[in-house]
Amino acid sequence: MSASAGTGVFVLSLMSIPICFLFNSLIYSNSAEAFFFAGCSTVIILAISVHFMFKKKAPVDPLFYVYAVYAFFSVVNLIIGLEQDNIIDGFVTFYLREADPHINTAHGHMISYWDGCVHYLMYLLMIAAIAWGDSYRAIGLYWVGSFLMRAIVYILGNTVVSVWACFRIFSQPSTRDTELTKAERKSLLHRPLDLLFVIYLIPAFAFCVFRGLVALDCSSKWCQGYTQQYEPYMKDPSAYPKVQMLVSMLYSAPYYIITLYGLIVPGCEWMPDLTLVHSGALAQAQFTHIGASLHTRTPFSYRVPADGQPVFLLFNILYAIVPQALCYRCRTRPAFFLRPTSDKKTE
């Protein structure tokens, strides 16, 4: 293979410098002329680079294209590090102000330099090896170790911050100021709306557990028939739907039991917050699941059959909407879930 492809990647990676400058100027100028100029310039630069990269023969190894993209962003990370140290200015100013806080930490700062220098060199060496038909396994394994360490630390670090943020939100005092009345302490039979929610929670619990069993490849005829007729996406080899169903079962099934208790027994002050968290999680999960089950990117054999779509949509939309209604009820009329002031003082 000719070395022109490797040279093209090098040129393309350097094009990140004018592209960053153009788009940063575009954001701060807020003018149509700047937008048009930056957009046209970017297209021209990328077109010239791609033409030069594949002038003779396109590389066969798919990792060539992966490393080409990574090399481009490595230079971007180097620009980020240099601008953070005030060595350069006006390239990624807006990004540094609005980006993930991780970027502006010391750890993120050094990662930018590492990726912009060491990883960039490794990408160029591996691209050159592919272009010349040589082995790049040793460099590749070195990159794998470096990349995995960065990814693990980044994910765990962000997880710790996110968990801290969750506890911080839960620790904020409630702003509810509601006076309790005897009318709000009625039994379940005298609260028809709550009774409907209780009736819903029982089949919802069963549906949640049933889909979890389907994800675990239950051999029951009911499970197999449901999968074939209504939700074949749960057998998609990507494994995302299976993980989604298992997480939903482990998360939602206990929630339904706890919520049943909260709707029957007064004074469960955690109910409004719990329903809020669950409704947000379920909305995201159901939106993703319904969309992916019908999306054209899903292989045809794993999409919902046309004759099964009405039942599929009915079950899944109800499963997504009713928790939102329950959350709205708990947030707008929380008096049933509040304990009398005398009970709190006794504690």
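Going from the start of the chain as shown, residues are counted 1 onward.
Cβ atoms are placed via backbone N, Cα and C, with glycine included.
The annotation transmembrane segment is assigned in TrEMBL to 7-28 (among others).
Per TrEMBL, the feature transmembrane segment maps to 34-54 (among others).
Under the heading transmembrane segment, TrEMBL lists 63-82 (among others).
The transmembrane segment feature in TrEMBL is assigned to 120-139 (among others).
Annotated transmembrane segment per TrEMBL: 151-170 (among others), in sequence order.
The domain 'EXPERA' annotation in TrEMBL covers 193-327.
The transmembrane segment feature in TrEMBL is assigned to 195-214 (among others).
Here TrEMBL flags 243-264 (among others) as transmembrane segment. Packing against the transmembrane segment (243-264) from elsewhere in the chain are residues 188, 194, 197-198, 201-202, 204-205, 208-209, 211-212, 214-216, 234, 270-271, 274-275, 278, 281-282, 285, 288-289, 326, 337: each is 6 or more residues past its ends and has a CB under 8 Å from a CB in it.
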### Query
Which residues, given as numbers and ranges, are at least 6 beyond the ends of the transmembrane segment (195-214) yet have a Cβ under 8 Å from it?
188-189, 220, 222-223, 226-227, 231, 234, 245-246, 248-250, 252-253, 256-257, 259-260, 263-264, 315, 319, 322, 325-326, 329
### Message
Quick check on the domain 'EXPERA' (193-327): DSSP residue counts for helix, strand, coil, in that order please.
### Response
110 helix, 0 strand, 25 coil
### Query
On the 0 to 100 scale, where does the mean pLDDT of the domain 'EXPERA' (193-327) fall?
89
